[in-house]
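One structure is given here, and the rest of the page talks about it.
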C-alpha cells in the first residue's frame, strides 16, 4: 500500500523541491551548447566567413599569376552588377542555380543527397522540347509554355523516380544511383539529338529552332522602363518562376504535414517509423518533387534562351546547385542569396577573363571551385572557433539574464 501524501510542512517541502527544480531549468536552458551556434551565426555569419576565406585564397592565386587581386574583384563586381547586360546575365544564371539548389535542398530535408539534378534537368529539357516541337506552330506561347512546364516537371520527376524506388525498395544508395543516372541522361540526350532531333543536312547536334509559340518572353522591355538596358542578356520570366518555386518549397517543408514527415524522416528515420510514417513513401515523394524542380531548370536555357535543344545546355548548374544548397543552409531564402552569389561569380568571371588576359578561364574556374570548396567540403572548418568565440561573448550576457530572472522571483 502506498504511503499517504505528506501534509503540512512535509508537503510544503515537497512543493519547494519542485519549485527549486523548476528554478534550475532556466539555468540549464541558458547554458550555451558548446558545439552549437546561434541561428544568426549559423545561417549568416558562418557562410559569410566561408565566402571571405574563399576570396582571400583566390586573391592569393590571382596574385601568383601577376595580377592585382583588388582590381580583379573590381572587374568581377562591375561585370556582374555594374551595367544592365551584366545584371541580366547574372540573374539568368541565378535562375538556374535557384532551381538546382531547391532540388538538392528538398531531398536533403528527407535525409537524401540528390546528386542527380544535372541528369534530371537534361531529361526535363527533353520533355519541354517534345511539347515545344509539337505545339509551337499551333498555340501561342502562353498556352505552350505551361504545358512545357508540366512536361519538364513530369520528365524530371520520372527520371528521379527510379533511384528513389531503388533506395526505398532495394536499399540502393541514392548517391550512387543518381550519379549513374547523370551519365545515362547525358548518353540519352546525345542519342536522341544525333538520331532524331538533328536537322537534316547539318552537323550541329541540336533540334530545330522553336517558333514564337514556344518562346518565353524576355524581360528587356520591363527593365527598360527603369532605364536599364539588358542588351543581349537572355533574362526571362523564368526568374519569377524560380522565386515562386522557392516560396513553394518553404511552404511545403515548414507549413505542411508532408513537410513535417519529410523532416522527421530526415532527422530520425527510426522515430519516423514508430510515428507511423512510411519512410519508403516519403523517399519516393521527396525525390519526385526534387526531380520536378530540377526539370524546371531546363525551361530557362532551352525555351527561355536558346529556343532549341542543344548538348550541354545545363552546363554544370545541377552540380553547382549542391554548393548553393549547402551555402544557403537548405533554406529557400539562403538558396536564393547563394544562387545570386554564384550567378555573380559566373558572369563576373567571364568579364574578368575578357578584361584581364593574364587571368585565364581556368583561373576563373579555380576561383569558383574555391568558393564551392569552402561552402561545401570545408564548411565546418571555421565552425569550432566561431562557436567558441560566440559563446565567450554571449555567455556573460546570458548569465546576467539568468541572474536578473532569479532576482525577480
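Just so you know, glycine gets a Cβ as well, placed from its N, Cα and C.
For the transmembrane segment (43-67), the list of distant contacts is 37, 73, 327-329, 331, 334, 338, 341, 356, 358-360, 363, 366-367, 370-371, 373-375, 378-379, 381-383, 386: same-chain residues at least six beyond its ends, Cβ to Cβ under 8 Å. Taken from TrEMBL, the feature transmembrane segment covers 43-67 (among others).
The transmembrane segment annotation in TrEMBL covers 87-108 (among others).
Taken from TrEMBL, the feature transmembrane segment applies to 141-162 (among others).
What TrEMBL lists as transmembrane segment is 174-198 (among others).
Note on the transmembrane segment (232-253): residues 84-89, 91-92, 94-95, 98-99, 102, 105-106, 109, 149, 216-220, 223, 259, 262-263, 289, 293, 296, 299-300, 304-305, 331-333, 335-336 of its chain, located 6 or more positions outside it, place their CB under 8 angstroms from a CB of the stretch. Annotated transmembrane segment per TrEMBL: 232-253 (among others), in sequence order.
Residues or ranges marked as transmembrane segment in TrEMBL: 282-303 (among others).
Sequence-distant contacts of the transmembrane segment (309-326) (same chain, six or more residues past either end, CB-CB distance under 8 Å): 93, 96-105, 108, 115-122, 125-126, 129, 182, 189-190, 193, 197, 204-207, 294, 297-298, 301-302, 335, 338-339, 342, 371-372, 375-376, 379. Look at TrEMBL and you will find 309-326 (among others) tagged as transmembrane segment.
Long-range contacts of the transmembrane segment (333-350) within the same chain, counting only residues at least 6 positions beyond its ends with a Cβ under 8 Å from a Cβ of the stretch, are 43, 47, 51, 75-81, 86, 89-95, 97-98, 101-102, 105, 243, 246, 250, 320, 323-325, 327, 364-365, 367-368, 371, 375. What TrEMBL records for 333-350 (among others) is transmembrane segment.
The transmembrane segment feature in TrEMBL is assigned to 362-382 (among others). With a cut-off of 8 Å between Cβ atoms, the residues of this chain six or more beyond the transmembrane segment (362-382) that come close are 46-47, 49-51, 53-55, 57-58, 61-62, 65, 320, 322-323, 326-327, 338, 341-342, 345-346, 349-350, 352-353.
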Counting CB pairs under 8 Å, which listed stretch among 141-162, 174-198, 282-303 touches the transmembrane segment (87-108) the most?
282-303
Spatial neighbours of the transmembrane segment (141-162) not adjacent in sequence (6+ beyond its ends, CB under 8 Å) are 114, 116, 119-121, 123-128, 130-132, 135, 177-178, 181, 185, 212-217, 241, 284, 287-296, 298-299, 303
